[in-house]
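Asker: Checked TrEMBL, it gives:
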TRANSMEM  12-32  transmembrane segment
TRANSMEM  44-65  transmembrane segment
TRANSMEM  98-122  transmembrane segment
TRANSMEM  142-162  transmembrane segment
TRANSMEM  189-213  transmembrane segment
COILED    261-288  coiled coil
TRANSMEM  305-324  transmembrane segment
TRANSMEM  366-396  transmembrane segment
TRANSMEM  408-431  transmembrane segment
TRANSMEM  477-499  transmembrane segment
Amino acid sequence: ANMAAAASDLLTGWCLFGLALLAILIFCWVYVRKYQSRRESEVISTITAIFALAVALITSALLPVDIFLVSYMKNQNGTFKVWADANVSRQIEDTVLYGYYTLYSIILFCVFLWIPFVYFYYEEKEEDDGNTCSQVKTALKYTLGFITICAVLLLIGAFVPLDIPNKKNSTEWEKVKLLFEEFGSSHGLTALSFSISSLTVIGMLAAITYTAYGMSALPLNLIKGTTSAAYERLENTEDIEEVEQHLLRIKSKCRDGRPLSSRDRRTLKQLEERLRTLRRRERHLESIEKSWWTKFCEAIRPLKIVWGVFFIIVALLFTVSLFLSNLDKALHSAGFDSGFIILGTNLTNPLNMLLPVLQRVFPLDYILITTIVMYFIFTSMAGIRNMGIWFFWIRLYKIRRGKTRPQALLFLCMILLLIVLHTSYMIYSLAPQYVMYGSQKYLVQVRCNSFILLLFPFILDQCIVTRTYLFLHKFWFFSAAYYFGNWAFIAVFLIGLIVSCCKGKKSVIEGEVDEDDSDMSDDELSVYYH
């Protein structure tokens, strides 16, 4: 009966997982189609963007699943369930581990091979429209550099030992043999962990840049809303009249046949470009004002305010918890050489206090963890969308509805893949024991036939560690980098919060109209709104 109940629960879990996977694929398709340019859309880049975005979301959803599985194998009294014997537990652990192997390997494939190849292929296509073979060769040539970096990272992770015995009499061959034995015993886990940790550091920089800003900008934009399309049209009409009058004054100077000065010619050209942009804004504002989507957004305005307040509460909870967790490491860890790792929690943060309370009502704790993970992803999307894609001080691409180039979408998906890798460590920083053991309990025998029930254990022989933890702390220097990255994340969030509070309402066509847009881009927006 117990086995049948367990099988039924697992079947239900797989059905829910299938539905979640279908929902993720639908969301990715809608999201990519919403932002990609209608004129420049390509089948291969669209498929690549949808697939990479889906991998990012599925990987982020694996952390709550991992925590749930290790918790589900034990009863509330701290004993293992009847069906969860050593073999079954091992099979479940291996299944989750293989899931991480698969998804992380796919991420490496996307970051170092697939996305770079498709990106360089379309970059070359814009320069040479005729020779497809030449485009493929050039793309492969540039992609080879990414493959080389991936191979170097895997080799370093595979053969750099974490713990080499100090034997003075050992020969060089014995040392090499030990490296291969260590690689074989870890089944490639160390190599993959080093490569993923290296990418996670890059993801940390992306999270500091985009996610920290998105966590402040997204809620406040929902609360403040946008300006009225009718009011913007009125202002735009006044600007058009002012520019037209200025143009007439300059053109009146050459009515008697006299040529315009070089300064007037430059001013005339700038005013004509300005007038084209204002007329394009006029057409866009007219389309938005008449669209059903604008009327729908106005109707759900109160709901947006509620969501904005909820998101800012989650952001503040996240930031305060991260600050207290980092402060705990600064005060009670062994320092830089240990990666600022601490065993146990000395300073309790709000999230650590909330999770044990929510554990009493299944599955509220898993809902909270899933909410935080997905919130982290969606605020990252909001940050990238608002800021665009930058390389230091140079803006490479903008993310705009119906106008985003294929290369920009590929960049966006690659950044999200890297941020997702950093998400697991961020959650671990907030609730380390929960991420390691979930809601498991264990029994400690203090006298004959007497047991005490404890929560959040550090006893490895009685509790099962999540597979997530195996990928997080293989190398102490990465943990140290994450520690300093958390402080930078908090600082950028506070700066972004101040900036977002000081800024006024966004334009209803924020980022939709630029001076370098062609008149054909108006058709793309009209297709989107109608």
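Each residue, glycine too, has its Cβ placed from N, Cα and C.
Worth saying up front: this structure is predicted, and the values here are computed from it rather than measured.
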Asker: Count, for each of 44-65, 98-122, 305-324, 477-499, the Cβ pairs lying under 8 Å from the transmembrane segment (189-213), and report the range with the highest count.
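Answerer: Answer is 477-499, with the largest number of Cβ pairs below 8 Å.
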Asker: Taking every residue in the coiled coil (261-288), what is their average pLDDT?
Answerer: 83
Asker: Look over the recorded stretches 44-65, 98-122, 305-324 and say which has the most C-beta pairs under 8 A to the transmembrane segment (477-499).
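Answerer: Answer is 305-324, with the largest number of Cβ pairs below 8 Å.
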Asker: Restricting to the same chain and to residues at least six past its boundaries, which positions have a Cβ under 8 Å from a Cβ of the transmembrane segment (44-65)?
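Answerer: Contacts with the transmembrane segment (44-65): 17, 20-21, 24-25, 27-29, 31-33, 36, 96, 99-100, 103-104, 106-107, 110, 114-115, 118, 121-122, 366, 369-370, 373-374, 376-377, 406-407, 409-410, 412-414, 416-417, 419-421, 423-424, 427, 435, 468.
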